[in-house]
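Contents: one structure, followed by commentary.
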Amino acid sequence: MVRNDELRLRPPRNRVESRAIGWWTLQSSLFALPLPIVFGVLYLFIPPARFVFVWAFFVTLVPGILYMAVMPLWRYRVHRWETTDTAVYAASGWLWQRWRVVPLSRIQTVDTMRGPLQQLFGLSGVTVTSASASGAVKINGLDHRVAAEMVEQLTRSTQATPGDAT
Amino acid sequence: MTSETTAGRRAHAATDPWGRLNPRLILVNLSVVAAPLALYGATHAVTGGEINLQVLITLGSFLITCLVMAGISLMRLLTTRYLLTDDRIELRKGLLFRSHRSVPVDRIRSVDLTANPLHRVFGLTSLEIGTGEHGESAGAGLSLDGISKKDADELRRQLIERRSAGRGLTVDETDGPIAEMDWAWLRYAPLTIWGVGGVFVAVGTVYRTLYEMKIDPLELGIVKDIEDRFGSVPLWFGILVTVLVIVIIGVIGSTATFIEGWSGYRLEREDGGMFRVRRGMLVTRSVTIEERRLRGVEVAEPLLLRWAGGARLKAVASGLGNDEENSSRSRLTPPVPHALALAVAADVLAEKQSPTALAELAPHPRAALRRRVNLALGTAALTAALLAVPGLWLTPVLVHTGWITGLVLLPILLAYAFDAYRNLGSAIQGRYLVARSGTFARRTVALQREGIIGWSITRSAFQRRAGLLTLGATTAAGTGVYKVRDIAVSDGLALADRAVPQVLAQFIERRPGRG
């Protein structure tokens, strides 16, 4: 019987660029490193309070380094995307993972977005919005060319689909 | 349509076809300025003519604020003009930043009338037209702030008439209201948790105001008196009395809120497929929701209300504004008996029976219960540890308080966990996807399947290990996403696939045979 079949969500077909790992690492370093650096500097310049700062340095550094080491690789394994004739399908996240599907007939706008860090790695992001207030589907870490092609293709097929997308 | 052409001719025949805000708005502005002056007078009388600089500055800045507000409002009165033509409404306003908006009548999704007490004294009201655009800011709709009640009702009637004329929807005036205020519902009023919180807010505000006016509330005679009495009775008695007083004030507060918010409540079906909710004692509100934009309903049962057999009904509709506006405008009923909420839901959705009434919502797997029990155990253990662990160094009293708190919390939290699991459920009921969850506030949502415009599936690390997922149906209506929580992976995907065929199917792999 069909109802007894075990169903599973297959991952989207395309991975994001491997350069995205570098981008995520750089991005996470901006969060993770400033605090240990400050404590490190304080350690060097205030010798009497060194016993405090050496602890503060390691307590802030170790989780930061772990985050920088684990998060980007993990994300790279999860982040995937796919467009078909009828829908956009994207997976994202690492500890909390999210799979999103938007039918082409429900798409309202398709934009590309390139932050300064993304540009540094030659990456680009595509944002697909629908009429829902729950937020857009964002596919980050694509190559410029791939992103541009995707936007063009989506724009073409959404224009071809009738309806007011609500 | 004859009515349309005559109305159109009338509009063109007048010397100035543009409507304006009502001149009585000037009186409203004057009374706004009167408030600080009255306060000054009162302070003068109370303090016997001795007004120090602090008070003067406070009242002075208050006066200036009011003057500025009055000025802005006066400018709005002078510059705002509106015109209703056959197929669109136009609005011009502003002096320095002039704006001219023109909205086709068939794009209008809601027409709201709101009148605050000051407006009502002068027979004025505010009319707001919603176009239901998501991308724009909250002020995206058209608003006429201060037209006479007669004009507002007339404009509202015409707008809706034209809309329905354009749609070819007939007007049926024979139907009675779907629901009307019944004062027996007042018994549900105290069962909102906000009552107690409101007490603290009110006390805080009063304290702050007195403090700003250089009156130390703690030095007042009454407060001193209470303080003395408190000192002369045993501690447990004092605490008991305090809790009792807070609860009583809370009950009074939430009852008052209920009376203010829901007096004159009336939910009715109107011309051209619109619902109208009218309510309010001091501030009167009238919200109009287009039936075509209704995507479902939500039955909300906060814990206390649920125990008393009550529920509130909310509309899941698009075009009701941002989250905050949506939460107040989507209310279809006050707290009412559960059966009545379901009857109203069925009536509003034009179904025989409310889809949320379904007894046989499919339960979710035991793993969902395990998650909730683990959360309960974790919370109890953490609370105990937070008290007990510092106690190891400080004092054994804390250690004892810790483990006793943990032991007391444990059965309560476990009861919540089991209740939360029992409440979990989901099903497809005809045109609707039905999902229920929550224990402190149990919500049952029925969402039209054709209103689902995508899926958002989330899995935390724990859910992945337990083989669960949270299925979010995204929609243009209401809060944007409605979730089926902690459903088994396979069941969740099957549910999504059945709810909206052809969307998710291409991304699903089937492996035959589960036993």
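Residue numbers in this text run from 1 along the chain shown.
Using the three backbone atoms N, Cα and C, a Cβ is placed for every residue, glycine included.
Checking the ranges B:191-210, B:331-350 against TrEMBL, the transmembrane segment annotation falls on B:191-210. Within the chain carrying the transmembrane segment (B:400-418), a Cβ under 8 angstroms from the stretch's Cβ atoms is held by residues 369, 372-373, 375-377, 379-381, 383-389, 391, 439-440, all 6 or more beyond its ends.
Here the domain 'YdbS-like PH' (B:79-159) has, by DSSP, the following mix of helix, strand and coil residues: 23 helix, 36 strand, 22 coil. Residue counts for the domain 'YdbS-like PH' (B:421-497) by DSSP state, with H, G and I taken as helix and E and B as strand, are 21 helix, 43 strand, 13 coil.
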